Amino acid sequence: MKRTYPEPTPIYHITHIDNLKGILRMGKLLAHNQSPPKQRSIAYAHIQERRNRAKVPQPPGGVLHDYVPFYFCPRSPMLYAIYSGATEYQGGQEPILHLVSSAQAVHKAGLPFVFTDRHGVLSHARFFRQLEELAQLDWEAIQASYWADPPELREKKQAEFLVYKAFPWALIEEIAVYSQRVGEEVLKILKQFPEARRPRVCIRKDWYY
């Protein structure tokens, strides 16, 4: 069943504010297998192990950890896990940034990418390479405000857009934050890198729990 998808199609990468300087210094987000060791992790350790083994069946291939991951929605189940203290990271959601771009911007830049119809570690996840195949995703599930049940709804909400090896900072269009305090800190960090692209910084509490 084909479904209408938003065009442009926003994509969202979440990261801790402590990682922002490193991203700006390098001028890009790096895939886990390309990353320097001093990144502040907000992920489940056991899921990271699975991502390092989960093979990507579409070109350019490799494993999930060879890609920079994005969701198709803010306020993801992963952010809820952070908010509720379910991950090894215990710093809460306030320091978490949403870095926003679009699938079309990635395509226009000629970057290798794939995307999935649900959480990428699942054995029954389907992988796609063509933007028109975004219509294969369950956009009602992706945009759902309540996703705890049934389990398949949660799986589909966590569909992923995966960019091979690195994602240029120049393609980030917005940095969404939880609070004015974090927004001001982001602006201070951006000022330290005057040659880098300056995305808009927006307080979006409705993207958080």
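Start at 1 and count along the chain as shown; that gives each residue its number.
Yeah, the Cβs are placed from backbone N, Cα and C, and that goes for glycine too.
Residues annotated as DNA-binding region in Swiss-Prot: 44-50 (among others). Non-local neighbours of the DNA-binding region (44-50) in the same chain are 32, 65, 81, 86-88, 121; each lies 6+ residues outside the stretch with a CB under 8 Å from one of its CB atoms.
Same-chain residues lying 6 or more positions outside the DNA-binding region (75-80) and placing a CB less than 8 Å from one of its CB atoms are 12, 14, 43, 93, 96, 145, 147, 154, 157-158, 206-209. Residues or ranges marked as DNA-binding region by Swiss-Prot: 75-80 (among others).
Cβ atoms under 8 Å from those of the DNA-binding region (145-148) belong to residues 75, 77, 154, 157 of the same chain, restricted to positions at least 6 beyond its ends. Taken from Swiss-Prot, the feature DNA-binding region applies to 145-148 (among others).
For the DNA-binding region (154-158), the DSSP-based tally of helix, strand and coil residues reads 4 helix, 0 strand, 1 coil. Residues annotated as DNA-binding region in Swiss-Prot, with experimental evidence given as evidence: 154-158 (among others).
Swiss-Prot lists Arg51 with the feature active site, proton acceptor, giving sequence analysis as the kind of evidence. Its Cβ taken as reference, Arg51 (active site, proton acceptor) is surrounded by 20 other Cβ atoms within 10 Å in the chains shown.
The domain 'DarT' annotation in Swiss-Prot covers 9-209 and rests on sequence analysis.
The region 'ADP-ribosylating turn-turn loop' annotation in Swiss-Prot covers 116-160 and rests on experimental evidence. Long-range neighbours of the region 'ADP-ribosylating turn-turn loop' (116-160) within the same chain, counting only residues 6 or more positions beyond its ends whose Cβ lies under 8 Å from a Cβ of the stretch, are 2-6, 9, 47, 50-51, 54, 56-59, 64, 69-73, 75-78, 103-104, 107.
Secondary structure by DSSP for the DNA-binding region (44-50): 6 helix, 0 strand, 1 coil. Arg51 (active site, proton acceptor) falls within a helix when secondary structure is assigned with DSSP.
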